[in-house]
Amino acid sequence: MTQDELKALVAQAAADYVLANVPEGAVLGVGTGSTANLFIDAMAPHKARFAGAVSSSEASTRRLQGHGFTVLDLNEVDAIPVYVDGADEIDASGAMIKGGGGALTREKIVASVASVFVCIADGSKLVETMGAFPLPVEVVPMARAAVARQLAALGGQPRLRMTKEGQIYKTDNGNVIIDVVGLRIADPKGLESVVNEIPGVVTVGLFAKRGANVLLLGTEAGVQRRDF
């Protein structure tokens with residue numbers, strides 16, 4: 001199967017998980033990216049069953065609304081039973097690198113409210129040690145040079161994210177992203193704490209302190225489920 005076919009497979013598996021485990025009238029938490037988009041599409045026929053969804057990005061909001069979902073502000077919501085999102089990398093403990101799509105801060109906020117984080121990914125995303133995928137760090141613009149120096153001191157090579165048009169990439173929150181390459185992340189929780197303490201960092205795309213509870217992994221043999 002192609003990577004796109006594997007993504008579609010796990011997206012449908014996530015929809016099946018939600019339908020089996022989330023009560024009617026609940027609010028869904030929805031992530032960002034190509035796999036999350038397929039999950040949104042798979043849930044579209046069942047939108048009337050739920051009170052609405054909390055989205056982690058403007059892009060996901062547009063896709064949800066295009067399917068007729070009610071998109072709620074997180075401040076209006078008391079509880080989210082399940083948050084479904086993809087990952088750029090995930091290890092055997094359920095820790096993840098996220099933020100390749102630029103929505104890491106809102107993803108981390110929505111995930112923190114959810115009772116269960118369901119990660120959906122194709123088999124290539126499961127790794128022994130994270131760091132091959134560049135680690136995204138959302139940064140207040142005025143602090144980007146200072147933060148980059150501190151990230152370099154940690155052993156990484158910081159690179160300011162740019163758009164295809166050559167402009168500085170801006171998040172939905174108006175901040176910039178520094179992608180750090182060359183890291184071998186042996187202690188995800190420790191590195192998450194260290195980077196988040198750098199003044200000017202909004203958040204780092206390490207989801208270790210609040211990792212996945214369930215992984216639905218698309219493989220040639222079908223969808224494998226892992227619980228953490």
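Even glycines carry a Cβ here, placed using N, Cα and C.
Look at Swiss-Prot and you will find Thr32, Gly33, Ser34, Thr35, Asp85, Gly86, Ala87, Asp88, Lys98, Gly99, Gly100, Gly101, Lys125 tagged as substrate binding site, backed by sequence analysis. In the three-state DSSP scheme, Lys125 (substrate binding site) is classed as helix.
Other Cβ atoms within 10 Å of the Cβ of Glu107 (active site, proton acceptor), summed over all protein chains shown, number 31. Secondary structure at Glu107 (active site, proton acceptor), as computed by DSSP, is helix. What Swiss-Prot lists as active site, proton acceptor is Glu107, and the listing cites sequence analysis.
In the three-state DSSP assignment, the secondary structure recorded for Asp85 (substrate binding site) is strand. All protein chains considered, the CB of Asp85 (substrate binding site) has 30 other CB atoms within 10 Å.
Contacts of Lys125 (substrate binding site) defined by a Cβ separation under 8 A and a same-chain sequence distance of 6+ are given as Gly86, Ala87, Asp88, Glu89, Ile90, Leu217, in order along the sequence.
A Cβ within 8 Å of the Cβ centre of Thr32, Gly33, Ser34, Thr35, Asp85, Gly86, Ala87, Asp88, Lys98, Gly99, Gly100, Gly101, Lys125, the residues given for substrate, is found for these other residues of the same chain: Gly31, Ala36, Ala121.
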